[in-house]
Amino acid sequence: MNILIVGTGYVGTTTGLVFCEKGHQVTGLDLDEKKIKALKTGKLHFYEPFLDGLLNKHVTNETIKFTKKAKKAIKENDVIFICVGTPKRSDGSADLTYVKNVAESIGKYMTQYKVIVTKSTVPVGTADLVTKWIQESQAEAIPFDVVSNPEFLREGSALQDAFNPDRIVIGTTSEPARKIMRELYQDFSCPILETNPKASEMIKYAANSFLAMKISFINELARVCDVLGININDVSTGMGLDNRIGPQFLKAGMGYGGSCFPKDVNALIQIAKENETTLTILEKVVEVNETQPLIFVEKMKQALGGDLKNKTIALLGLSFKANTDDTRESPSLFLIERLLAEEAKVRVHDPIVKITGPTEQFQTIEETISRADALVICTDWDEYKNIDWASIKPLIGQPYLFDGRNILDKDLMESLGFHYVGVANH
Ligand code: UDX
């Protein structure tokens, strides 16, 4: 099939390359000249393990092409995936400006039947809106169908997730569109759920919100376990062994970040409000998440004699999780903001992320921790798990070690003379 992917960000690029691997001819369309230029030469404009190899392969084979020219791209492709961003508005709802622009271009330029698929996470009812926007932009009525087909891949393991999804959700009421979608996904060995567009759109929000809820649950429980001296990791393991609960997304830490969970939980809360209902549980999920990094500030204050003024804090990890260069809604950034408000001096390190601002960033872990009053691990990079703590300890001013991801062995750290504080990592 000839597939057009509109929006060559994280989801769009990965989705396009997966379809290339399945034998389809793909075109990536984006308004951003810089992105298109880079992608045409096989360069990714974001970090994702293994994706650049696949991009190079398909750029060389010409199974994927990139363009800025909407008219030609829309005319030449019969299946169009909308993968543009749906950023958070100030009230928490999703901003559909980019989706609307794409729908209007499709309406303007289409000359024959098309299947338009929304992959971006969009509010319930967006498929109907996309239909309306396309119809309003058409000079004459040409048939088309809109399908909701949400994406569930994670940053850092995008390819693995996109090739081996747990399920594929297809939301449409049109038989011809359903047939095309089935054909597109025939090689995938996972359950395919066929439903209507609204349920499909809700499934994406519900799944992300449920996972966020698991994280906030374990993080809040960690607060109680901390007081009681109980190891939260053991509690997670014990809970996760129950098949009805499952082991995933029960790792206590600094709270969830990234481009999806914070945005989607808020958007679902907003959807409920707009429909005169409330999602009380999700409101609390957000509250727990927002306060999670602050616990570390309090613990640091306690350890360092009451306040952090002029104290040097070395912060390891800026991305919202390991194996990505994404800092959107990263707990590290919230922590930095709080530490600076407390008038601490913040030195930062990350294996790939570079930031500017009122912090000092260093190339090596050794330079970052040099003479620091405390260290805090914010991202679960393997590089931090594998630090030779015995050899770097003499570089640190005071051996206060705050492990926001529970990646270190408490007993080992204490035996090396560190004052270790994890997330109920007893
Ligand atoms: C998420 C969803 O998992 C994915 O299905 C959706 O398509 C996009 O949003 P992503 O944001 O890439 O993916 O990362 P994910 O691995 O889900 O982690 C989200 C956040 O939760 C990270 O900050 C992570 O560190 C945190 N997390 C995750 C925990 O704190 N504990 C856990 O047990 C799991």
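Heads up, the Cβ atoms here are built off N, Cα and C, so glycines get one too.
The Cβ of Arg328 (NAD(+) binding site) lies under 8 Å from the Cβ of Gly257, Gly258, Ser259, Phe320, each on the same chain and at least six residues away in sequence. The NAD(+) binding site feature in TrEMBL is assigned to Asp30, Lys35, Thr86, Thr121, Glu155, Lys263, Arg328.
Summarising the annotation, TrEMBL assigns substrate binding site to Phe152, Leu153, Arg154, Glu155, Lys204, Phe249, Leu250, Lys251, Ala252, Gly253, Gly257, Lys321. Under the three-state DSSP scheme, Gly257 (substrate binding site) falls in the coil class.
Taken from TrEMBL, the feature active site, nucleophile applies to Cys260. There are 23 other CB atoms within 10 A of the CB of Cys260 (active site, nucleophile), with all protein chains counted.
In the domain 'UDP-glucose/GDP-mannose dehydrogenase C-terminal' (314-410), the DSSP tally of helix, strand and coil residues is 28 helix, 18 strand, 51 coil. Under the heading domain 'UDP-glucose/GDP-mannose dehydrogenase C-terminal', TrEMBL lists 314-410.
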Looking at the recorded positions Arg154, Lys204, Leu250, Ala252, Cys260, which ones sit with their CA no more than 10 Å from the CA of Thr121 (NAD(+) binding site)?
Lys204, Cys260
Just to be sure I understand the contacts, which binding-site residues have a Cβ under 6 angstroms from any atom of ligand 1? Candidates are Phe152, Arg154, Ala252, Gly257.
Phe152, Arg154, Gly257
Across the record's substrate-binding residues Phe152, Leu153, Arg154, Glu155, Lys204, Phe249, Leu250, Lys251, Ala252, Gly253, Gly257, Lys321, the largest CA-CA distance in angstrom?
24
List the same-chain residues at least 6 positions away in sequence whose Cβ sits under 8 Å from the Cβ of Glu155 (NAD(+) binding site), in sequence order, or say none.
Tyr10, Glu48, Gly258, Ser259, Lys321, Asn323, Thr324, Asp326
Measure from the CA atom of Asp30 (NAD(+) binding site) to the CA atom of Ala252 (substrate binding site) and give the result in Å, rounded to a whole number.
38
